[in-house]
Structure formats: structure tokens, C-alpha cells
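Notes follow the structure.
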Amino acid sequence: MASAKEISQYLKRFSQLDAKRFAVVKVGGAVLRDDLEALTSSLSFLQEVGLTPIVLHGAGPQLDAELSAAGIEKQTVNGLRVTSPHALAIVRKVFQASNLKLVEALQQNGARATSITGGVFEAEYLNRDTYGLVGEVKAVNLAPIEASLQAGSIPVITSLGETPSGQILNVNADFAANELVQELQPYKIIFLTGTGGLLDAEGKLIDSINLSTEYDHLMQQPWINGGMRVKIEQIKDLLDRLPLESSVSITRPADLAKELFTHKGSGTLVRRGERVLRATSWDELDLPRLTSLIESSFGRTLVPDYFSNTKLLRAYVSENYRAAVILTDEGMLGASALIYLDKFAVLDDAQGEGLGRAVWNVMREETPQLFWRSRHNNQVNIFYYAESDGCIKQEKWKVFWYGLENFEQIQHCVAHCATRQPTLLG
């Protein structure tokens, strides 16, 4: 799945969190129905490595089937299911059955799990005349969840709410998840779906979204349809009210471990992210912080005269100095400027966040041609292969490029890389 170093890095990061701040996992009813085995396997694995997720589930398809069988026509207003007293009895039955099905499947898989079908969401009527017995969450009681976590058991929660007087109300599972997340402030919010993530215009998976740099551009795309638009808006609203380190992952149950424990992931990772600073001179940057970023990222020391001897063209640095791209001006060849990628640095604790890609994407938008070199054992080479138009292997280096127009340019850039002096010691 990944290197032992990667897995260990993420496990250490997650293990340092308070138990209830690790992850809230939202499971749709379709996943419970169609992918229960993969779901229980992934959740059990997390428990095996010492992590206990908090699981909240829906039961939409199951509820549709039971209501239809009872002769109750589905009625929605503003996307919310209108719930009559007769329907509520079926809602309770279906939620409890779905909850127990997941809890029993986890227990059969060797995991410890606790069924929590009430006592978490205190609610009031959303609008009784319009929606019937549908609730709006007013308070979240963490006591049942904390008791489960203290016992080392996965809390499995339904989205049923209760009024202070004890009336059960049907609460939309997405709304319940949002309120739970606001109360817990978790490091990870995970939506498990059949699609495994958000898809672009060509049906390809979007691996990461940095909202600070990509949200406005993304929302202008014609292929962002109504459902996806609402989902992205909801995620942004959610993350805007959480700590900067919190993130949303959308993935398949079978890919949950890969999404959590590898830099590459397997789904769509959405973060509020950081703004990307753009500089054209070293004076515009905090050089001690930039030095620390570069040296920490590469595990080596910059040569003492690096900044005085390096002719900066542009630098792109995340606002908290956790990722940076440094470009240098290597003169002209004919009518074309030669731009060299001198450094691409990402701190270990930012690996897997999509922050490096966000900085790279900002750079690439205004850099139509680029060349660079990388050591043969550099783990980033997989990314470089995907981003480049070509690669030539030298004795010590791989030379990458994109946007170069002819063989003369490529030949010149390859020769430059062969003789360029290293700027990192050790």
C-alpha cells in the first residue's frame, strides 16, 4: 500500500490526537447496503492500529424501500423528507436495524463497536407544518460517544434526534454529521461513497482541493453540476468553522486506509489550505523560515551563499512556509526564456495534504515552460513523471521538462542540468 515510513508518519500524527478528535466517518445508506464487508474491514483495521473513528450513518435507500412497502409515498420539501407519525415509526425501525447490522458486522469482524441510536442529538422541530416530525439539531451530547471511546469501542450513531420532552425526530444525516463535527472539531471528516471521490469533467478523480487557492476557479467550471456544487459549498462552510489542520476526505470504504495512511491517498482530499505567496525577489520573503523549510524537506543543508548566488525569477510559498517552489532565470535560447525549477520543498507534516500540489498548480498557471532535475531515488519522481512532457536519465539525475518546443531547447536544458552545481550539502 505504501512505505512503512509513510504509514508510521501518519499513525504517529493520528495517535497524538485526543481520541474523539481523530475522525468522524459519515456512511451513507447505499454503502451500508452495497459495501458492508469493505466498510467493516476498513473500520476494523483502524481499531487494530489503535485508532477509533466515530461513525454516523444514514439509511436513505433502506428507508425508501420500507416506506414504499408500507404504502407511504415519499414526499420531500427543499430536499428534506417529510415525516408523518406513521412514517416516523418506520424511520426508527429502519435506523435501528441498519445500526445493528453495522455493529454486528463489526463485532463479527473482531472489532469492538457500540450501538448508539439516541441520546446524542437534542433537536427542535424544523417546521412542523411543513416537514412534520423532522428535527433541527440544537445541541450535541457527547457523553454516549465518550463512554464508547473510553471503552475502546467504535461508536456507531444514528441521526435520530430528540426534543427536551422526549419526542423522537427525524434528522437529516448530513446535517447531523455537520453538527457533530462542529462539536468534536476532528482532524479528519470522512465521507464514504460509492464513487470514491469528486469527479472532474472527464470523470476522473480529483485527488485534492485546496480551497484557499482553488475554490473560486473550481466553482466557475461549467461541469460543476448542482449536486457537486452544493457538496463543495457545504464542505467549505464546514471547514471554515474548523481548525486549519482539519480536512475532508471522500473515498470508498475499501480505500479508506490508503486515503488515511499514504501521501498519494485514494479519493478526494479537501482542505481549507493556505494562501500562496508570490515573490520576485528574496527581500520579499522570510529567508530564515524558507531556509528551514528547504533544509527540513530535503534533510540537508543549503550552501551558505545560496540566496546571494541564486538568481530568483519567482518563488511561490504557502503562507505558513510549509511548501515552496523556487524558479530561477537561466537566460534565453532564441526567443524563449529558460526557467529552471531549483527547489520544490514540502514539510513532512504537510505531506499528503495536497498543499505541495496547490503551490505547484499556482506556479504552473503562469509558467508555460519549465525544466528541472531530480535524484534517481527521489520519491517525488512519480509526481514529476505525471507533470512532465518528457524525461532523460543521466548518471546522477533525471531531467524533466514540460512545454519545451523543440529538440534544441531540450538538448540545451539537459546539458545545463548535467553541469549545474548542487546547492545542498550532505
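Each Cβ is built from the backbone N, Cα and C atoms, and glycine gets one as well.
Computed from a predicted structure; not experimentally measured.
Listed in Swiss-Prot:
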{"type": "REGION", "residues": "1-252", "note": "region 'Acetylglutamate kinase'"}
{"type": "SITE", "residues": "Lys26", "note": "site 'Transition state stabilizer'"}
{"type": "BINDING", "residues": "Ala59, Gly60, Arg81, Asn170", "note": "substrate binding site"}
{"type": "SITE", "residues": "Lys231", "note": "site 'Transition state stabilizer'"}
{"type": "REGION", "residues": "253-426", "note": "region 'Unknown'"}
{"type": "DOMAIN", "residues": "274-425", "note": "domain 'N-acetyltransferase'"}
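Features per Swiss-Prot, on structure.
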residue	record	DSSP class
Lys26	site 'Transition state stabilizer'	strand
Ala59	substrate binding site	coil
Arg81	substrate binding site	strand
Asn170	substrate binding site	strand
Lys231	site 'Transition state stabilizer'	helix
Can you name the residues of this chain that are 6 or more positions from Lys231 (site 'Transition state stabilizer') yet have a C-beta less than 8 Å from its C-beta?
Leu198
Rounded to the nearest Å, what's the C-alpha distance separating Arg81 (substrate binding site) and Lys26 (site 'Transition state stabilizer')? Just drop the number here, would you?
19
At the level of the C-alpha atoms, what whole-angstrom distance separates Asn170 (substrate binding site) and Lys26 (site 'Transition state stabilizer')?
17
Just to confirm my parser: what is the rounded mean pLDDT across the domain 'N-acetyltransferase' (274-425)?
93
Cβ neighbours within the same chain of Gly60 (substrate binding site) - under 8 Å, at least six residues apart:
Gly28, Gly29, Ala30, Ala173
Quick one: give me the count of other CB atoms within 10 A of the CB of Arg81 (substrate binding site).
19
Within its own chain, what residues at least 6 apart in sequence put their Cβ under 8 Å from the Cβ of Lys26 (site 'Transition state stabilizer'), listed in sequence order?
Leu56, His57, Gly58, Ala173, Asp174, Ala177, Ile189, Ile190, Phe191, Leu192
Which residues in the same chain, at least 6 apart in sequence, have a Cβ under 8 Å from the Cβ of Ala59 (substrate binding site)?
Gly29, Leu32, Val94, Phe95, Ser98, Thr158, Ala173
